[in-house]
Amino acid sequence: MTTLKNDRFLRALLREPVDTTPIWMMRQAGRYLPEYRETRSKAGDFLSLCKNTEFACEVTLQPLRRYDLDAAILFSDILTIPDALGLGLYFETGEGPKFHKTVRTEQDVANLPKLNAKADLDYVMNAVSTIRSALGGQVPLIGFSGSPWTLATYMVEGGSSKEFRFTKQMMYAQPEVLHALLDHLADSVIDYLNAQIDAGAQAIQIFDSWGGALAHREYVEFSLNYMNKIIAGLQREKDGRRIPVIVFTKGGGQWLEPMITTGADALGLDWTTPLNTARNVVSGRVALQGNLDPAVLYGSAASIEKAVKAMLDDAYANGEKTGYVANLGHGITQWVDPAQPKIFVDTVHEYSAKYLG
């Protein structure tokens, strides 16, 4: 196995000493990069890009050629699981992901097949192993999945939603049906993430993108409990190293205390939760990741530097010298000038030295 040349990302997640703050960016391989757009045009469409091992590897590596990032993340989509369960994923221009089938009844849930990730999502595993090999130990590779709650919203609604009408209707009128769906999805995610780890993923992130749409009790019952189940079912060591797990609930800053109980090594934050507040809440029990507003990257070099320095000041305000990974508070947007993320990345590495040196 190739020796990892830069492991500060993994070390920070495990609250071990680091020489500088590690950084990666959610959606770092994406439409803001001209080379990504060129590769996507060769693939023909987004799904073809995900399913072609060579293209998926290429776009995963593209941001690492531009920026001094401390981790790569698998290029894929959170909706690969529902697609493999037979719902028929497709994308409509300007409308995002959609499914040919929905899951809205007890019978719909009963009809879902058991996922065999290594067979049903072999293109993802091929991409993971190919990317891991291509990285050559440069930086660790992050694998990922959507949370059961987040996946369920797409499956019940039939695509993206702002109100989650049908999912919340199921939650309050037929909670047993939703629980059955979430349990099926939790088992699927466990299988999927363990297959990614076997293929070479060195850390895992669970994207609970829509957890913040829930009230507190419902968040615990319908989202958090199933992430607990997933983390308990994951391989936590491979090739003699721990596999760190990050849980990211967008809009979940008020739930840090219960989120610690998941067994995750780190919690992701969006930009609505001050890092110094979050540090005080978690009190060194888990690492934190985040949380620059992606819109900051629309600004000038000076304004980006100012915002990044303020974020780092907050992250290290309580005197802790590790347990922190810099990131955006959500995915980078397609309208960002590719020159701006370099300012973000370089400022993190340079400025954090005053705290970690």
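Using the three backbone atoms N, Cα and C, a Cβ is placed for every residue, glycine included.
Straight from Swiss-Prot, the features:
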BINDING   R27, Q28, A29, G30, R31, D77, Y154, S209, H330  substrate binding site
SITE      D77  site 'Transition state stabilizer'
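Other C-beta atoms found within 10 angstroms of the C-beta of D77 (site 'Transition state stabilizer') number 17, with every protein chain shown included. Across the structure, R31 (substrate binding site) and D77 (site 'Transition state stabilizer') are spaced 14 Å apart at their Cα atoms. Take the binding-site residues R31, H330: by the count of other Cβ atoms within 10 Å of each Cβ, the lowest one is R31.
Listed in sequence order, Y36, V59, T60, Q62, P63, I73, F75 are the same-chain residues at least 6 apart in sequence whose CB falls under 8 Å from the CB of A29 (substrate binding site).
Across the fold, the C-alpha of H330 (substrate binding site) and the C-alpha of D77 (site 'Transition state stabilizer') stand 15 Å from each other. There are 27 other Cβ atoms within 10 Å of the Cβ belonging to Y154 (substrate binding site). In this structure, the C-alpha atom of Y154 (substrate binding site) lies 13 angstrom from that of D77 (site 'Transition state stabilizer').
Its Cβ taken as reference, R27 (substrate binding site) is surrounded by 17 other Cβ atoms within 10 Å in the chains shown. Secondary structure at R27 (substrate binding site), taken from DSSP and collapsed to helix, strand or coil, is coil.
DSSP assigns H330 (substrate binding site) to coil in the three-state reduction, outside any helix or strand.
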